[in-house]
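See structure below.
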Amino acid sequence: MLPWKWCRKKNILQERKHGSIVPVVSKQSHHQSTGPTQNSDPLAKKADMQHRGDYSDTDNLTKEEMNNRDRKSNAGNSTGIQPVAPEPCTGAVVIRLYGLPKRSGKLKDLSKFDATFFGVDPNTVKGSRTGVFIGASTSESHEAWSTDPESTVGYGMTGCTRSMFANRLSFFFDFKGPSYAVDTACSSSLLALDHALYSIRSGLCDAAVVGGSNLCLKPAMAVQFMKLGMLSPDGMCKSFDAKGNGYCRAEGIVALYLQQESVARRIYCTLLHTKTNSDGNKVEGSEVGVNPAQVAYVEAHGTGTKAGDPQEVNTICDVFCNGRIGALPIGSVKSNMGHAEPASGLAAVAKVIVAMEEGLIPGNLHYHEPNPEIPGLMNGHLKVVDKATPWNGGTVGVNSFGFGGSNVHAILRSNETPVLPEKGCKKKRLFVYAGRSENGLKETLSKVQKHETNLHLHKLMHETAHMSANSHPYRGFTVLNDSDVAHVQRVTTESRPVWFVFSGMGTQWHGMGKKMMDDGVFKESILRSDGVLQPYGVKLYDLLMNGDDTTFENTVNSFVGIAAIQVAQVDMLRKMGVSPDGIVGHSVGELGCAYADGGLTAAETVLAAYWRGRCIQEANLPSGAMAAVGLTWIEARQQCPEGVVPACHNSRDTVTVSGPLEAVRAFVQQLKERDIFAKEVNTAGVAFHSYYMKNVASSLKTALDEVIPAPRPRTSRWISSSIPRHLWSSELAMKCSAEYHVNNLVSPVLFQEALQCVPDNAVVIEIAPHCLLQPILKRSLSDECCIVGLMKRGHEDNMMFCLSNLGKCYQHGLKLNPLGLATDVSYPVPRGTPMISPLVSWDHSLSWNVPTADMFAGCGASTPCGCVLDIDVSSDSEDHYMIDHKIDGRVLYPATGYLVLIWKLLAKSECRMYDEMSVEFRDVTFHRATFLQQNGKLQFEVSLMKGTGAFEILEGGSVVCTGNVIQGPQFTSLFNTPEIKSRLELSQVDIYKEFRLRGYEYGPAFQGIVATDLKGQYAYMLVKTCYI
């Protein structure tokens, strides 16, 4: 392992894009399940009685869970996560599986797992050089799914074997780095981190997913730990305490993402170095240049065992306290959540990361009296953090020790970037997000409202706001800093094109754009346009902010106002990453088309609008008018009186006519008298798109030649509404030139013809100071289109109107980034940015199969149980004592032995220890005797029908014992000692001498009578736990 200072790039622990591959302990594991089912059974009730703990109501390892949960433990009040359930009420019968401790840490519900989302868009990491390193010691579910050959389908191999824990992730995400599982027992996950760091430093991969998993499904596994004396009988990890008597087993799923600093979006901490050994403890700080005396905190392995704690902590004291000023704080997450065994190393890292982020170390539970075998706790060199303690971060050491002696130590350094004040914005902002369920997405949006000014959090979450509709079928939005209303709807899976529609005259109004100045992008765009126009005597910003009702009766003011606002709206959309697939303009709206298409710059656009208005003003045209009428294009051409011409073909049955003022007014009146819709349009006394415009063409051409000296080509996106379709390939239609825009002024508007090019599923955004064309668009376009405007005449809050309608576009498939309008924030986000995982509502609509205790016990509730038992009385066998049961010179298998066999089988089927369960035998028949050979084996076939309680024992194919057995009532005492009223004159020697004379040659193991009277009425008996 190279010293840290030789490495070119730092390696950091960070949250990848969203919140799933993050240091959280409890997003349920998918690799222990074989498939979803709507009716799969939860864990057996018996298992619930043992394993359910207070930690089970925790979904994420967060500050709130670790520091703000005041729990009462058996030892008193403590702060933190307590993995053990409260004691049962007085008088309750506690059923313990195989005599195991009543409590252990369990994940809430293993059958509920969101397998469709891991916080990362798979497309963003597909094919990357990412390694996967998983620490796992066992796969108990694989054993359960492969027990019964008839129900085995083969997918248990691909889903549940330990090798696949890593390989399946690499396959799913198409990762190209190393992929394997690590098993060194309790140090597995931290050793996986060590391998990941080495692989990145060696160039084997660029990043790594490091995980650890532990599920406690098989009771017999816990029995093995209990037999070794490793488990705490009361289910508590009393780390470093004088009363430490073992640990509490716990489940945990942890995943970290390790990558180089240069590409990190979030830095939780820096992984300085890791080291592993199998020959005791060694100092590693020298390799990385860390002075052990400067380490701020050590997260110990700290299981709470009598042998382990002193060995570890005394070494910590020797290494880290030499030359230290003050006590070294130490702790162990196992006191808070139990011992997650192979996942415990990463659970400890996750705890440290939360402490670093929040500036608060969670307190150890169950620590009251220092272990006298640890002098450092007595002399003040060490200090157990037994309550939530503020700290400033720093360098942290993390220990993890394996059952077989494989030890790992990691050195972490907290993010040294100071906690910045929230670099937020209190202005209205759009927040969009995608989810897998409607209610879950609403809940997420509601949680985000509590962080409405935190742009860094919003930027992280936006990374997964455009997930595929196949996995995230719901999209929602809310307007922050204004409303707490969340809008959620289902999105279609198809890709939808975006079309911009630019309206023309008639959209201007007093007050337009005033409220929009709250947006920095909009305001800056208007001010740039203002700067362009000021040399021409037009103070645009003043007109918009301080104009009156007559301001926009001026043609120049109307044109520049409309054009500048359209330019600002396009600038806003560009900042949010929205670009059009198609563009259509109505009349002067084609200037906006030119800007959106790249044919004109912003300055050219507003200057073209200025000269269009000025040339019309200076032409001294006769008074004219325009009116919208309810006629078709053909009907309008046929019915218009002399001097009035069809000017704009708006929709199939709506046309705008243009001509002399009096003639237009007379035509309007005629149509009204015939009950045909007709309404005069305010055009400031100008008959646009009429023959009057020919008087303006020459001067406008001259002015626009100055504005557009080098015409740019028009793209296929821009659908012309001023040139008939059969002329779209003409030279005039090829470029955004002065000639094109003069032609726009003098030609009729063929808007209805242009709209025929808009696809049926388009997202259509009307860009104008007022969404004037909404009725026309909704009548002309398909019902499948999403049609919105960005501003509305007289609306009390056009900023809210704009953002809400953009949110609706997002719900219909539009890709946009609302943060483009906000103050720019960069990666990595600062320390203290909230974790994302607690904000996400996982989709638990599916239930997954989870092994039950019965599957490991080997029989179900209504199935026959059976086993084959070998009885070996050779000298090195535990059954050797049976040679003391000799009758007439031959060793006879005891009758009580048959009953004990059935007793044990019944207890096993109930996941109980037989000596903790009473039984009642009925109708027992011993069909024949069974003799034992002193150097041979005897085999019994034992079967039990649980439904009826009938049992049968066979030897050599023939029945030796039958009967019925049921569970008996709970009892506290087997015998009531009677008052002995006579002398006990026969000793044990005398008694068994009499037995031998009669052929009963009982050896010491079967000499249970200590003394008796001559009549055999009273005796002292020696009761052994063997029960045979």
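Using N, Cα and C of the backbone, Cβ positions are placed for all residues, glycine too.
Source: prediction; values computed, not measured.
When TrEMBL is compared with the stretches 559-605, 747-793, 982-1028, the one noted as region 'C-terminal hotdog fold' is 982-1028. Taking H, G and I as helix, E and B as strand and the rest as coil, DSSP gives the region 'C-terminal hotdog fold' (982-1028) the counts 13 helix, 12 strand, 22 coil. Counting residues per DSSP class in helix, strand and coil order gives 28 helix, 52 strand, 49 coil for the region 'N-terminal hotdog fold' (844-972). Across the domain 'PKS/mFAS DH' (844-1028), mean pLDDT in this model comes to 84.
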